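A.B. asks: Annotation comment: TrEMBL describes 20-38, 50-76, 83-103, 134-152, 164-188, 200-229, 236-258, 264-283 as transmembrane segment.
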Amino acid sequence: MTNGTQMAAGSRTLPPHRIVWIGGLVLLAAYIALWALVPANPELLTKLWFLPGVGVIGAIIANTSGTGGGVVFVPVFNALRELGIMSLSPLAVVGVSMGIQSFGMTMGSLRWTDRLLHQPEPGPLEARVRLNDFATVVLGVLALSLPAMLATQRLTTFDQGAVLYAYKAFSILLGCALIAATWTVNAARPERAELSRGDLFVLLLLAIPGGVLTALFSVGMGELVALYLFIRHYPVLLCTGAACVISALSCLAGVVWHIEAGTIAWEVVLLAAPTAMLGGFLARPIALWLGAKRLKTLDGAWIVLSALYLLWLNTN
């Protein structure tokens with residue numbers, strides 16, 4: 001079956017936006033269930049009144065770039081600790097971030113998947129994303145990254161500071177390479193229409209370290225996938241969409257361990273999750289409105305600046 005036939009069949013069997021509404025209702029039901037099932041301190045909920053705004057901003061950033069919005073929460077949790085409102089350990093920060101992203105990134109991934117199934121005609125220098133390529137990236141990466149993430153959570157301990165330095169130094173290099181490539185070699189070149197075996201091989205090489213990073217920081221795998229595919233000049237739908245799906249499924253799998261370990265501050269999740277879903281819903285049209293060149297430039301700048309900030313924060 002050709003790619004065009006696959007898209008046409010997907011459009012006939014699943015109307016536009018149907019997957020978003022079905023998935024959104026499931027997320028809403030899960031959120032309502034949380035209020036009935038998890039403990040929450042009413043006084044603390046009142047003190048954390050500003051978290052819904054943080055949730056929507058973090059989710060928009062996460063789902064337009066595919067890199068995850070965990071870095072948005074770090075300064076917020078730092079401020080909570082400094083103000084004496086809530087003191088979260090590094091492990092609790094990861095657990096809360098995964099809890100919020102389980103809602104926000106899942107909504108964003110539903111929006112990108114809906115776009116995959118109902119793609120418009122590509123414009124000049126743009127390429128249509130093949131369903132097989134999208135599925136190959138997502139399933140191939142997750143097949144290696146999920147076991148690495150789950151094993152890291154349960155079996156190993158790392159010096160988070162040392163890992164953070166190596167990870168963010170690598171991110172800075174990739175972010176700078178993305179900006180440079182966007183405005184030089186990729187400036188007037190058509191997007192790649194087909195995933196190459198070489199690029200898939202590189203993604204599979206990144207999968208295991210990406211899974212370890214996701215276990216430690218709640219972000220990592222999605223960022224590496226999005227950055228690499230952006231640099232290689234694939235369509236935004238493949239770069240950001242696949243990264244969002246990978247991040248969402250990683251957080252859904254990873255949050256289970258944090259629930260079992262009791263590391264999640266549920267007050268934070270209860271306040272930030274609904275607006276994170278809103279941010280995930282809004283992110284895709286924002287990304288498409290920005291266009292490939294501006295989006296790649298902003299993503300590269302965001303990754304470099306956020307990496308520098310986290311390195312500075314860790315040093316001080």
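First residue shown is number 1, and so on along the chain.
Backbone N, Cα and C atoms are what each Cβ position is placed from, and that goes for glycine too.
Caution: TrEMBL annotation is automatic and unverified by curators.
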A.B. asks: Mind pulling out the one from 83-103, 134-152, 164-188, 264-283 with the most Cβ pairs under 8 angstroms to the transmembrane segment (200-229)?
C.D. replies: 134-152
A.B. asks: Report, as numbers and ranges, every residue of the chain located at least six residues beyond the transmembrane segment (134-152) whose Cβ falls under 8 Å of a Cβ in that stretch; write 'none' if there are none.
C.D. replies: 116, 158, 195, 200, 203-204, 206-212, 214-216, 221, 225, 229, 237-238, 241-242, 245-246, 249-250, 253-254, 257
A.B. asks: Considering only the recorded stretches 20-38, 83-103, 164-188, 236-258, state which has the highest number of Cβ pairs under 8 Å to the transmembrane segment (264-283).
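C.D. replies: Per the Cβ count, the answer is 83-103.
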A.B. asks: Cβ under 8 Å, sequence separation of at least 6 from the ends of the transmembrane segment (83-103): give me the contacting residues as numbers and ranges.
C.D. replies: 27, 30-31, 44, 47-48, 55, 58-59, 62, 68-70, 73-74, 77, 160, 215-219, 247-248, 251-252, 254-255, 258, 261, 263-269, 272-274, 276-277, 280
